[in-house]
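Below is one structure, written out as structure tokens; comments come after it.
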Ligand SMILES: *Cc1c(COP(=O)(O)O)cnc(C)c1O
């Protein structure tokens, strides 16, 4: 009989999402699976209106508020429908017939595949404008001043909001800081780098993030919204799609995704316990990404980065090898070492290493060592 435990069989999982979770979180969920301490039943079996679950959702919210310094005039919501529902819901609540800023349009920064999809959904609601578009170079860059020589954003000072994707998961392009919109509210899709560093939340009107990349499992999407921004959205919006419903009812208008919220609570507890604050998380994320980018920078003709240096992501490291044969050999060799899910998205090709908060430093070191070795063998 094998003595290998389930934990021994775990690989280093570089999946873009759903993605790696911290082992202590999985262990605690396992230990509490039959019975939440003092509750007598599992998280999967209790009412979303029970005292036990109320304590869980309140703790998850308090942890997020603490980690990100969310001010009181912002609500923290736990919704369903993923990032994709937010593509439409942000627009429906702000522009369009039922929106708080009816009659206005919104500006979109297209720096990757997700931003493009967000705009396509918003367009169903009301007119939108493209304020920047790097699709011509398959989304490898950002506007000036982030990338020198690029055009600046072409912003409409009268727009209801500017939507951008702070980390484009597929192309591995990340904004190093918020774009300056001259006072127009920022609406941000932070799905793949949520809680990877501290933010000044007051710079945003609304931040949304599906949890399954950097914050928890699939099934819940976290929204941080300035309550005043959405206050005038029409009550004629579908009840689930009106932010004011969820603000008023503390995300419990309907049955909330209880298990997913429970895991977000455990992940945020882990961040607080393991790192203390998001500055420490950020430091480790910078260090992990540098391990891989240093290898790429030393062999730029072998590991060919997709994103320009000024905007490459700390979360998703996307690169190609000189040929499809080498890419295949690289990926299959990686798999043999227990380095999984490194295949790039089909629209970019090559490889992509997603190294979210929960990816251990040892996993990135293992990949770094493999990249060096593979290059020496083949290069
Ligand atoms: C994964 C992802 C999404 C889509 O999320 P779903 O929950 O699958 O709808 C949206 N935006 C970004 C940046 C993502 O990485």
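In case you wondered, yes, glycine gets a Cβ from its N, Cα and C as well.
Where the annotation comes from TrEMBL, it is an automatic prediction and has not been curated.
Feature annotation from TrEMBL assigns L-glutamate binding site to 49. TrEMBL lists 83, 84, 114, 169, 189, 212, 254, 255 with the feature pyridoxal 5'-phosphate binding site. According to TrEMBL, the domain 'Aminotransferase class V' annotation covers 11-366. Summarising the annotation, TrEMBL assigns N6-(pyridoxal phosphate)lysine to 213.
Locations of recorded TrEMBL features on the structure.
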residue: 49; record: L-glutamate binding site; DSSP (3 states): coil
residue: 83; record: pyridoxal 5'-phosphate binding site; DSSP (3 states): helix
residue: 114; record: pyridoxal 5'-phosphate binding site; DSSP (3 states): helix
residue: 169; record: pyridoxal 5'-phosphate binding site; DSSP (3 states): coil
residue: 189; record: pyridoxal 5'-phosphate binding site; DSSP (3 states): strand
residue: 212; record: pyridoxal 5'-phosphate binding site; DSSP (3 states): coil
residue: 254; record: pyridoxal 5'-phosphate binding site; DSSP (3 states): coil
Contacting binding-site residues for ligand 1, chosen from 49, 83, 114, 254 when the Cβ sits under 6 angstroms of any of its atoms: 83, 114
Listed in sequence order, residues with CB under 8 A of residue 213 (N6-(pyridoxal phosphate)lysine) and six or more positions away: 16, 17, 18, 19, 169, 191, 192, 193, 194, 315, 354, 356
Distance from residue 49 (L-glutamate binding site) back to residue 212 (pyridoxal 5'-phosphate binding site), taken between C-alpha atoms, in Å: 24
In sequence order, the binding-site residues (84, 189, 255) whose C-alpha falls within 10 A of the residue listed as 'L-glutamate binding site': 255
Under 8 Å by Cβ from residue 114 (pyridoxal 5'-phosphate binding site), same chain, sequence gap 6 or more: 83, 165, 168, 169, 170, 189, 191
Least surrounded among the binding-site residues, given as 169, 212, 255, when other CB atoms within 10 Å are counted: 255
Taking residues 83, 84, 114, 169, 189, 212, 254, 255, which bind pyridoxal 5'-phosphate in the record, the widest Cα spacing (Å, whole number): 30
Which of 49, 84, all binding-site residues, has a Cβ with the fewest other Cβ atoms inside 10 Å: 49
